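Visitor: This is the structure, below, for whatever I ask next.
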Amino acid sequence: LTGVLDDCLCDIESIDDFNTFKIFPKIQKLQERDYFRYYKVNLKRPCPFWADDGHCSIKDCHVEPCPESKIPVGIKAGSSNKYSKAANNSKELEDCEQANKLGAVNSTLSNQSKEAFIDWARYDDSQDHFCELDDERSPDAQYVDLLLNPERYTGYKGPSAWRVWNSIYEENCFKPRSVYRPLNPLAPSRGESFYTWLEGLCLEKRVFYKLISGLHASINLHLCANYLLEENWGKPRWGPNVKEFTRRFDPIETKGEGPRRLKNLYFLYLIELRALSKVAPYFERSVVDLYTGNGHEDAESKALLLDIFRDTKSFHMHFDEKSMFAGDKKGAKSLKEEFRLHFKNISRIMDCVGCDKCRLWGKLQTQGLGTALKILFSEKEIQSLPENSPSKGFQLTRQEIVALVNAFGRLSTSIRELQNFKVLLQQTR
């Protein structure tokens, strides 16, 4: 995969170098910090579009929560302001880890971490979102430690997974009325004519399709790179699966689709990179803390985040979002609203994913992209932020910040994994 991407003046090699040497090491470090590793999610929301067709019963899919007695009191307290200091002893923690089987969502938390959750909530403020947000006060919402629940292959596939992606492409991507099915890149009956009309769409609608396709490619890459290779005596070995990667991305096996999907991944990376460079002024203000209650760690986290922003600003081939929604004011406003509603619908479809591990990461990455879009459409509001007081015009909740950083971290990882697969493929030839 080489050369210049469509719809922007950026080449793949420049992104590879920039990501490998500047972004990837720093974003990995940032994701390990307390502020960014805990994400609150409701994995029990019912699918709003079709009758539940049963959850994935594979052990790598499901959530195996800790027994009620083992869940830290701070989590059970919900939105209460009082956090008990009652500590879980090490035996209970061992039992808890034992209960969390391979691939299950592990929601155990350290006492130090749970103290800060209510303070984080005070920083949050609801806005006009691109995503359907989980109600954090719901008794079904739980904090998940993302480091204990890596995104990887779970075996979730078949009609349920197909239906989710099909619904995302067919009902939410824009297309002219003259075009019937299919938009789904996995559908067999799609020829070159598909790309002829895609190029005929206006830039905004073309961009929307590429963002969804790029997200799909990125998720597939994570699954190929973190695949269950073997399981001996209950000890799993995870790693890159070249055969699976080839099946999903090889030009011959995918009839030319694979490279297009990967190009869309790079395009999505550029969009989220642009959003990070645009939102920097929001975080540069002294009034914004990445608050966990640990002053030293908070200062280090903010310094690292600002360092990443400096890198994003130094990138010299950014996507120019000014070319989007640049028509007459009324038309641009209605197209932006259409964009927002389509994307919001996609975030609701994530509640139809039958595998809890996949649902967790699907919701997080969708929310991250939704937050990036919100940033790109709020440039004026960000530029006019007051230095020493919270903003009424533009605000990010902690959930949005965590999703934005982790979603971009996933894209950075995808591009890094792509380099690894290139090396592995050369070795197998």
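Cβ atoms here come from the backbone N, Cα and C positions, even for glycine.
All annotation found in TrEMBL is predicted automatically rather than curated by experts.
Pulled these from TrEMBL:
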- Cys355: active site (ACT_SITE)
- Cys358: active site (ACT_SITE)
- Arg152, Thr154, Trp165, Ser213, His216, Arg248: FAD binding site (BINDING)
- Cys56-Cys61: disulfide bond (DISULFID)
- Cys355-Cys358: disulfide bond (DISULFID)
Visitor: Considering Cα atoms only, can you say which of Arg152, Thr154, Trp165 is the nearest neighbour of Cys355 (active site) among these binding-site residues?
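Guide: The answer is Thr154.
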Visitor: Given the binding-site residues Thr154, Trp165, Ser213, His216, Arg248, tell me which ones have a C-alpha lying within 10 Å of the C-alpha of Cys358 (active site).
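Guide: Hits: Thr154.
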Visitor: Whole number in angstrom, please: the longest C-alpha to C-alpha distance across Arg152, Thr154, Trp165, Ser213, His216, Arg248 for FAD.
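Guide: That value is 21 Å for the farthest Cα pair.
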